[in-house]
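One structure is given here, and the rest of the page talks about it.
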Amino acid sequence: MFADLNSLPLSTLAKAQKSLSRKSSSSSSNGRSKEEKLALMKSKLAQMQRSKGKAVAVPDTDSHRFGSRAQESDEESDSGPETTSSTKRGSKHAPAALSTKKQVSRKRQVIEVPKPERRDPRFSSVSAGHANADLHSKSYSFLPDLLRQEFSGLKEAVAAAKKAEKNCPWAEKPMRTAERERLEVQMGQVRTKLVRTEKEAMEREVLAKAKKEEREKRTQGKAAWFMKKGESPKCEKKDLLLKARFETLEKQGGKTAVKKLVEKKRKKLASKEKKSRPFAKGAEGMGRDTKRRRVA
């Protein structure tokens, strides 16, 4: 065998020696790396148990036999999770934890200043002042006429929509019905605006007439008289407006319209009175049974 080795050239022997040394070094490094990984895992487990306050059952003395290199790698690997776990809460009821490395702002809010609200100067009470209802009604006196024109146009449109809904094919029925309902809702809104506008105009006219009469009486030497305001039964303003309302209604629809309004008001008050009763009509008390029983 030795004779065979002596017959080989030196270059071949050098290559063989190099390959053998490489295999031996790789096997030793693999074994060492496995031992280092095991030691690191043991040290991490021991550190986690210490942080939770449990008894350390895994010895971490194996990590010292590999020198400072293993210790440095252990510290580098543990530095990341340790900083993140320090800011975590132990439970959901615990207060939030903040890192001490974060710089605190030097700004302090000593007095809470209310946040300024942006206002439109056109509609602000500070710049616009009090609105004059008489001046507003005179400036926009054309609005009631526009509302009447719009109401008459919508009335005609509703009549045409009803006719189209009645004569349309079955497939177009839902579309025609929706269009008719939309026009009716719009007409109701315009009617409400028109009635409110006419009522306000009537009230302003009645109050202006009463003030004019009072000024004339003062010029004749009579004492000053001020109209009582409010919702009391002795309120002159309420009585005056109610009387003017009935007079206007009588001019428009006659005495029949006034009777209908009075009857409607009476029924409304009667229903309110019935609802406010402590027990039903004919019952003698709250505890008794008011149902009729069949007599055998």
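Start at 1 and count along the chain as shown; that gives each residue its number.
Using the three backbone atoms N, Cα and C, a Cβ is placed for every residue, glycine included.
Positions annotated as region 'Disordered' by Swiss-Prot: 15-135, 253-296. As annotated by Swiss-Prot, compositional bias 'Low complexity' applies to 18-31. Per Swiss-Prot, coiled coil is recorded for 147-203. Residues or ranges marked as compositional bias 'Basic residues' in Swiss-Prot: 262-278.
Mean per-residue pLDDT, taken over the coiled coil (147-203), amounts to 93.
Across the compositional bias 'Basic residues' (262-278), DSSP classifies residues as 14 helix, 0 strand, 3 coil.
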